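> After the structure tokens below, expect a handful of questions from me.
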Amino acid sequence: MAEAHQAVAFSFAITHEGFDINYDQEVLNLVWNSGFRSWKKRVARARNGVRNGVYPAHIQSLWLITAIALGLHFAGLRTPFNIVNRILVNLPANTINWQVTACFLASLVIWLSICFTMRYTLKLLLMYKGWMYESRAPGSKTSLRTKLWAGAVKVFSSWNKPGLYSFQGSLPRLTLPSVTATTQRYLRSVRPLLDDEKYKRMEGLAHEFETTIGKKLQWYLILKSWWSTNYVSDWWEEYVYLRGRSPLMINSNFYGTDAIFMDLSHNQAARAANVVYLLLGFRRLIERQELQPIMVQGIVPLCSWQYERTFNTVRVPGMETDRIVHYRDSNHIVVLHKGCYYKVLIYYKGRQLRPCEIQVQMEEILNSKATPLPGEEHLAALTAWNRSKWAEVRNTYFTRGVNRVSLHTVESAAFVVSLDDIPFEFDLNRPELLDNFGKTLLHGNGYNRWFDKSFTVCVGTNGRVGFNAEHTWADAAVGAHMWENLVIDDLVTDGYDENGNTRGTPEFQPPSPTRLSWKLEPCLTQIEEATLDANKLINDIDLRILVHNQYGKGFMKKCRLSPDAFIQMALQLAYYRDAGRFSLTYEASMTRLFREGRTETVRPCTIESAAWVKAMEDKTKTNDERVALIKAACDRHQLGYQDAMCGHGIDRHLFCLYVVSKYLEVDSPFLNEVLSEPWRLSTSQTPHGQTPKMDLKKHPQCISSGGGFGPVADDGYGVSYIIAGEDLIFFHISAKNSCDTTNVHRFADNICKALADIRSMFEEHMKKNPPKSKAVSSNGNQASASK
């Protein structure tokens, strides 16, 4: 009961002498500061709401229009449409005060008309996607239409500095393709996977679907696309993520690594403190909407909707479906160290703590001799368990008393920090160290990550950091943006002294971390069962992080090919050599050119890629024939990527049609077959350099090795890659040990061999066919080539 007494801020009792009131001044100050901070945020949100609502117009232009209206009216001139006098006749009197009021109301009407005209003009401009399909290769010309469009968008989006959510109201809705267009794209994508007989059968199923139930399902989607902001995103979040009952660890969560060539501090407490401080700074930018929205080519904005839930967010388990809970504010983080949980306040005496003050708190935790309570060390294994089982335990043992209070503290934290008791190491000569680094971030020991939180920051004993992120609240690009911002700020702020400690001197003794208390004896059996299941998952997963430094995007650009398409072709060749066949391949692309867009699937295994792969294995094919085939395959891949980004993908449309069919309880053999196909090769490119802050020429040590995820299919591979520099690519390859047909080390060797064979192919081709005028240099610029 000691904890309960300490938690009381004030108490009173009635005695024969009157009222006896006791209160804790410090606790009441904390309450006051927390409420004051919340109201400041509400005012800021309201101000930003008005600003975003009228963007691209400027709110200060209202006062200019009001001044013009007053000048015109009192000069005896009419305002447009005589609007001042029309308002004035409906007011109580014709005095000066009412005339000023009429002028202001008229100005407000005119200003709002201008605002919405500008806003919807920008929205119409952003609907144009022709620029996506125009070549940006050296020497190619941009059409006059696209030049005029780009100029107009630049004018609307640059004269008033946008906030994070300024473009949300101007972004178009996601395009809904026709059923026929989608089925035709689908049939083309599966042609290399099916023999003639199976393909003919699939054609029949697709035709039957188009001419029967497909039309009815499409009408429901048309209604949804008119009514909802995005016809895909809410169902995607609900049915792909929240209704999934599998453990989040490995199956859903993903991870990101530190900038492995950057070694800022070996002091675990200092690095953790600076990382916490910088992440809170990023949270502040989001809350105040001061974070600049990402602009494609500096012109076209991407949707920023996903940033809202980056912090203070948790996925709460349910018996049938989970739910995402986002807290509007949080004044603490939770730190996990050696099986003990600590609540760490990040605000004190009316301000956010500085890195040197946070380091004091981290050192206090690291130096603590506390030992875990019964069941506490393995508690987080529940978040790595089957979602329905975790929900049952949560509803039974964590809805009252001290467990409820402590669980709420964890779930409402800004984020979780795990101070690990092992180093995160990297050495080019010892690749197993980087593999272990990735495994530590992907799953840890199964109970030192709170997998339900939006993300957990992991800090090794040698000061290296990484993160493990839950996937529902946002896609990897948002997490990568946050991490990229952290890495560059950690370097340029010069936050460490020569001894590796944070710079500065604490102005006061920061509040000590508060140990969370638990009463877990009634559910020890369930915690132990969750721990055993987590260990089974961990023992069944293998991870290989391949560092390919023979060449990178510099050579790929010399070949006049898209680096992403180049790598996807290498993966197709590597998989064919590994498995002896082609397989359905998933590559994630984004649809954030549309409001509330998330992802779409690109299918890299195409008729053209299959033809090239077979040519590489056919000794009768000449080198020039192979080069022509890979160029055709890369062009086809680029077209598929462009279609996906522009709302003309395959899989999200079919997925939504399938959801409608289930609601209507209508069975579709075509949709059932499409949605049951396994993705044996699941790939994703980690975005790099999303903001101008990340300048690798200036700060080459900021190169990150990216991140990864687990395999989607039991007999497949999960491959994440990051094109980290002109001559460096990282591949994160995962597979299950229980599958006899997959092996991450063998697949990594096949990737290396595929990349080497493609390089040899192009080098031979370039010797026989030297460029006549200009080529692309390794830094991506045009350079004169020798004749």
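Every residue gets a Cβ built from N, Cα and C, even glycine.
Automated prediction, rather than curation, is the source of TrEMBL annotations.
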> Pick from 678-699, 766-787: which stretch is listed in TrEMBL under region 'Disordered'?
766-787
> Give the sequence-ordered list of residues that share a chain with H471 (active site, proton acceptor), lie 6 or more positions from it, and have CB atoms under 8 Å from its CB.
Y241, L248, S252, N253, F254
> Who are the long-range neighbours of the transmembrane segment (96-122) in its own chain, taking Cβ under 8 Å and residues 6 or more past its ends?
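Cβ under 8 Å, 6 or more out: 53-57, 61-62, 65-66, 68-70, 73-74, 79-80, 83-85, 87-88, 153, 156-157, 169-170.
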> How does the model score the domain 'Choline/carnitine acyltransferase' (175-752) in terms of mean pLDDT?
95
